[in-house]
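As annotated by Swiss-Prot, ATP binding site applies to LYS13, SER173, ASP174, with the evidence given as sequence analysis. The substrate binding site annotation in Swiss-Prot covers SER54, ASP141, ASN153, and the record cites sequence analysis as its basis. According to Swiss-Prot, the feature domain 'PUA' maps to 278-355, an assignment based on sequence analysis.
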Amino acid sequence: MAALTDADCLVVKIGSALLVDRDAGGLRQAWLASLAQDVAWLTRQGVKVVLVSSGSIALGRGILKLSDTDLPLEQAQAAAAVGQIRLARAYEEVLAPHGITTGQVLMTLDDSSNRRRYLNSRATLKQLLSMGVVPIVNENDTIATDEIRFGDNDRLAAQIAVTVGADQLVLLSDVDGFYSANPNIDPTAQRFDEIGEITPEIEDMAGDACSGLSKGGMKTKLMAAKIATAAGCRMAITEGVVLNPLRALNEGAAATWFRADTDPQAARKGWIAAMKPKGTVHLDSGALAALRSGKSLLPAGVSHITGHFQRGDPVAIADGAGHTVGHGLVRYTAEEAGRIMGRKSNEIESVLGYPARAALIHRDDMALTIQNGD
């Protein structure tokens, strides 16, 4: 078991069935207040926390007095629009007394599959966390359609964990872990304390969702575990219905942990290094020295650009002799990079005509093959 207090960044997924009283259609206020206590406790330990919360459609359904059956797309989107305001306010009200500022972030599948938007969402989330803000993330159900939606917040939570480089992900569920069979119908079902590899046999054990409010079942949780662990993030499934569920997990409550065999930073750098570059950014000796010391690549250190690339595309990074020294995800198009190369960061806006980021390639989006002293 991993201690939550050991995490640098923790992502917590909260399902509709935990947050919303199915019969009354309102929030489970006492439970939400206890969750806020847990978040405050973790932030005091120096842990950065991101909450991925369902509940907007379930809340809006109750406010609009819609049926509790599957809703047509238009009604679901209307319910999300109404419920999202209530959901954001609820988190603000329970966390503010602990001195915690919240920020709302709405995502769609496009925001992770499109590299440019992925980099933008990553930068925003990282900035919020650096300022001590607890982001409240939800799928943007008001505009998402079947073609551009995650479909469940288990996978969204895993993608957010990858995006922010979290080292732990907790899925608060209506069961206390992953079982060999459905424990509600099979008395011989056994819970796994830890799973090191998601094999075909493990996948065959997963069932489907049975809750009237939640869309996520064990199959989606396994998908989330694959996404998270491949990026170096450990993941836990634990029962969330109890009060103070995060503190309970930290103190040894029943759960299933999915092991990650690498750390988030190493996994991300391996992912970047494996991409086929769309172009090359050539550096001067000063920029090369800066990269060796762990700095981001600024336009001032670029001598010339080759290839055709868009924002978010992978590029090779080369020294003055043309030798590849790394790879990175670039924050500018080839045309923009050509205009600002050799320029100081405070000149970028005047050259491009609009505000822009200081780094051409941020150090978090870079995988180098050189080391200090090379």
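Glycine is no exception: its Cβ is also placed from the backbone N, Cα and C atoms.
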With a 10 Å radius around each C-beta, find which of these binding-site residues (ASN153, ASP174) has the fewest other C-beta atoms nearby.
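Comparing Cβ neighbours within 10 Å for the binding-site residues ASN153, ASP174, ASP174 has the fewest.
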Where does LYS13 (ATP binding site) sit in the DSSP three-state scheme?
strand
How many Å lie between the Cα of ASP174 (ATP binding site) and the Cα of ASN153 (substrate binding site)?
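Cα-Cα, rounded: 14 Å.
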Excluding near sequence neighbours, so keeping only residues 6 or more apart in the same chain, what lies with its CB under 8 A of SER173 (ATP binding site)?
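Counting only residues 6 or more apart in sequence, the Cβ neighbours of SER173 (ATP binding site) under 8 Å are GLY15, LYS221, ILE237, THR238, GLU239, GLY240.
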Give the distance between the Cα atoms of SER54 (substrate binding site) and LYS13 (ATP binding site), rounded to the nearest whole Å.
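A Cα-Cα distance of 8 Å.
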Would you mind listing, in sequence order, the residues at least six apart from LYS13 (ATP binding site) in the same chain with a Cβ closer than 8 Å to its Cβ?
VAL52, SER53, ASN153, ASP154, LEU156, ALA157, LEU169, VAL170, LEU171, LEU172, ALA224
Tell me which of the binding-site residues SER54, ASP141 sits in the most Cβ-dense spot, judged by other Cβ atoms within 10 Å.
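Output for this query is SER54.
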Assuming the binding residues for substrate are exactly those in the record, SER54, ASP141, ASN153, what is the maximum CA-CA distance in angstrom, rounded?
11
Taking DSSP three-state, what's ASP174 (ATP binding site) in: helix, strand or coil?
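Assignment for ASP174 (ATP binding site) reads coil.
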